[in-house]
Amino acid sequence: MEEGSEAQPPLQPEAVSAEASEPPPPVPMDQDEGQAAAAEAMEGEAEGAAAAAGTIEGEAGYAAADADPMEDEAADEAGAAEPMEDDPPTSSAPSATAAVDDSTIARKRRRRKKQFPGMIPTAGVRVLRAAASAPSAAHLNGVPRRRGRPPTSSSLRLARELDAEALIALAAGFPADSLSEDEVAAAVLPRIGGVDQTNYLVVRNHVLALWRSNPLSPVASNAALASIRAEHAHLVAAAHSFLSDHAYINFGLAPSVISLPPCPPPSLPPPSVLIVGAGFAGLAAARHLMSLGFKVAIVEGRLRPGGRVFTKSMRSTAAEYPDIAAAADLGGSVLTGINGNPLGVIARQLGFPLHKVRDKCPLYLPDGRPVDPDMDARVEAAFNQLLDKVCQLRQVVADSIPHGVDVSLGMALEAFRAAHGVAAEREERMLLDWHLANLEYANAAPLVDLSMAFWDQDDPYEMGGDHCFIPGGNSRFVRALADGIPIFYGQNVRRIQYGCDGAMVYTDKQTFRGDMVLCTVPLGVLKKGNIQFVPELPAQKREAIERLGFGLLNKVVLLFPYDFWDGRIDTFGHLTEDSGQRGEFFLFYSYSSVSGGPLLIALVAGESAIEFEKTSPAENVEKVLETLRKIFSPKGIEVPKPLQAICTRWGTDKFTYGSYSYVAIGSSGDDYDILAESVCDRVFFAGEATNRRYPATMHGALLSGYREAANIVRAARRRAKKVDSPKKMDVNNEVKYEVKVDNIDLDDLFRTPDAAFGGFSVLHDPSTSEPDSISLLRVGIGARKLGSGSLFLYGLIMRKNVANLAAMEGDEQRLSTLYRDFGTKLVGLDGLGDSGSSLISRIKAAARK
């Protein structure tokens with residue numbers, strides 16, 4: 001995938017290469033503390049948090065590298081206006097010039113999904129209030145719970161505090177008046193219901209609100225107890241433990257959070273976890289597991305972290321414009337809904353400014369004329385009515401047919417359109433096609449492929465608040481999240497094998513062994529079957545992988561010498577005469593105000609996104625320029641040649657095979673849950689396609705990583721409670737593995753090594769002292785302090801080379817020399833081969849004497 005950068009046609013823009021030229025070696029040292037600049041609060045958590053139960057779908061998320069999409073593209077912010085999921089642009093025509101007329105109607109960009117009546121409770125948000133009668137010692141009731149508050153304090157103020165805290169919890173994804181599924185699974189209370197549950201919910205909401213009020217400083221359990229009565233200390237401990245384990249509090253990249261010492265691991269030696277994929281899900285899980293005392297390493301196929309979140313630096317090579325440059329998000333690009341969004345918390349911790357997406361989105365006819373405002377409003381209303389008709393139809397089907405029936409959303413919409421004579425005129429039909437293309441953009445799929453019954457199943461969980469962009473691109477998140485995490489780049493995973501004694505990850509270069517594996521690869525990779533699971537995954541999971549859809553969205557990114565389209569708008573749309581090409585360059589985003597340069601991005605959705613990859617990049621760029629000329633030439637505005645152009649190719653990217661997930665015909669939200677299920681407490685799954693509430697979003701991927709980190713912790717604790725025994729265990733009722741028992745622990749032997757320097761330690765062959773004899777090398781990867789939270793990898797090295805390694809300055813130089821000069825590969829113990837096994841046997845035999 002090469003990127004094109006020539007200013008004159010023929011341009012050679014191909015899907016940009018997301019890889020670095022040389023994979024950085026794993027860093028076996030102390031984890032650096034990420035610098036986090038404190039910023040003003042940007043998240044009005046409680047303010048409008050009720051929208052979390054409403055409809056603002058936070059959308060697309062992941063994004064791509066190389067062109068990994070997961071296009072979170074949705075909304076722009078101060079400049080890159082990508083549409084917001086939930087509501088489609090609603091604007092009227094622009095003025096005769098490129099400038100935006102004040103009369104232009106605000107168009108909510110990016111209709112992801114429509115919120116239908118009855119999909120969420122209509123009685124409003126239910127919050128916990130103080131009991132008005134018979135105060136008891138057990139209740140957090142009308143008696144002030146804040147210590148030191150005068151007894152004359154108004155109970156109304158307490159009720160308001162409880163309401164505000166419940167709204168914050170709601171925005172973070174918790175039920176307002178019941179335990180979440182995760183809380184039930186974690187057994188936060190001995191029994192469900194009753195007084196303890198009521199009080200626990202108030203305490204949980206309070207602890208969460210304390211954290212969200214100041215995420216720059218961790219919330220300690222005793223700090224929460226300072227404002228809660230002592231008799232409820234057990235509830236504070238339960239809530240604090242749950243929220244910490246699941247990264248609802250004390251997560252992120254604030255210096256005070258990073259500097260916290262790791263928690264004691266559930267067992268010794270600490271459990272080890274191999275994570276496949278360094279996207280948002282993998283990075284979030286790795287960082288959280290390390291904070292909980294686990295040994296962690298990430299295996300990544302690309303030569304960079306981030307997965308489908310990738311910011312490409314674009315720069316002019318033209319002599320007359322030497323200083324023009326911009327940062328372009330080729331994949332996920334928008335924070336969709338800031339209330340409750342963990343990325344909003346991390347942005348605040350790092351001091352990243354957030355830019356609200358502007359709503360105006362003028363539309364243009366194929367000949368460049370602006371769309372008539374009255375017709376625009378009329379057709380949009382008709383479009384919404386069509387969606388309402390589909391909603392009514394599926395309700396009738398659900399009520400009348402026991403097991404329901406699923407058909408194509410596109411087919412249902414077209415049937416109602418034809419039956420009611422909607423958009424019969426030519427221009428009306430073009431405008432309706434634009435709205436349909438916008439819907440295809442939101443779902444990364446042609447409407448004909450979407451499930452009529454469940455395509456919008458995640459609407460009730462949308463996060464409220466503004467849709468925002470991060471100036472400079474979302475790779476700023478990636479760099480901060482990846483800092484200090486051991487990542488092995490350029491490792492294409494071929495097989496994941498698991499049994500009762502652990503799991504192994506086989507790449508085309510090395511073999512890794514751990515206690516558990518977390519797989520975060522995109523759904524497109526799972527669909528291709530490029531990774532073999534041994535034993536085979538359960539049939540239910542394989543069927544869910546088959547049923548769920550994984551769609552496609554592409555972009556054409558253009559760096560111009562100057563902004564000719566008027567930076568006062570973030571988005572503008574273009575209508576097409578051919579319904580079959582309605583998704584081709586239907587929406588443009590201006591990133592001028594957030595990218596650092598005059599950057600314009602054209603979106604390609606639906607069937608057009610598929611056809612786009614069959615056409616050469618140069619031809620696609622010329623098509624975009626022709627479209628822009630039709631819009632701006634009638635206004636007397638010349639469209640200059642781009643200084644650099646990039647076309648994404650998400651569908652053919654071997655690390656994604658698409659952009660992000662959608663609910664296909666025959667699928668449902670249940671399939672997201674099935675994908676999230678672990679196998680034998682050894683193999684776990686994360687990523688946007690495992691998040692039923694927030695699929696196709698960056699925050700959905702991040703949250704899934706935190707979720708699985710908590711599940712891994714629970715699994716490790718369960719395992720630690722069991723007494724080790726040499727029993728056989730069934731794995732999927734198919735394959736049996738024998739637990740290995742060895743009365744000599746290699747970890748004990750490495751406590752007194754023959755040589756130790758930095759993160760390296762060595763055991764020599766006890767049967768010989770020849771310089772050319774082989775020694776066993778162990779490297780601690782990702783240790784804050786050697787032996788604490790580190791993952792150990794092994795290699796074979798000649799005894800005479802040990803002194804050379806020890807004399808070098810720093811472990812990075814040692815690793816580089818190890819790979820380049822000595823040809824030593826670092827692997828798990830089982831990857832050392834016969835020579836390694838024989839050497840270990842001799843070392844252990846000598847230790848027994």
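Cβ from N, Cα, C; glycine included.
Annotated in Swiss-Prot:
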BINDING   E300, R302, R308, E688  FAD binding site
COMPBIAS  34-67  compositional bias 'Low complexity'
COMPBIAS  89-103  compositional bias 'Low complexity'
COMPBIAS  106-115  compositional bias 'Basic residues'
DOMAIN    159-260  domain 'SWIRM'
REGION    1-118  region 'Disordered'
Please state whether DSSP places E688 (FAD binding site) in a helix, a strand or coil.
-> helix
Cβ neighbour count within 10 Å, max among the binding-site residues R302, R308, goes to R308
Pick the one among the binding-site residues E300, E688 whose Cβ has the fewest other Cβ atoms within 10 Å in this structure.
-> E300
Among E300, R302, R308, E688, the record's FAD-binding residues, the widest C-alpha separation in angstrom comes to 19
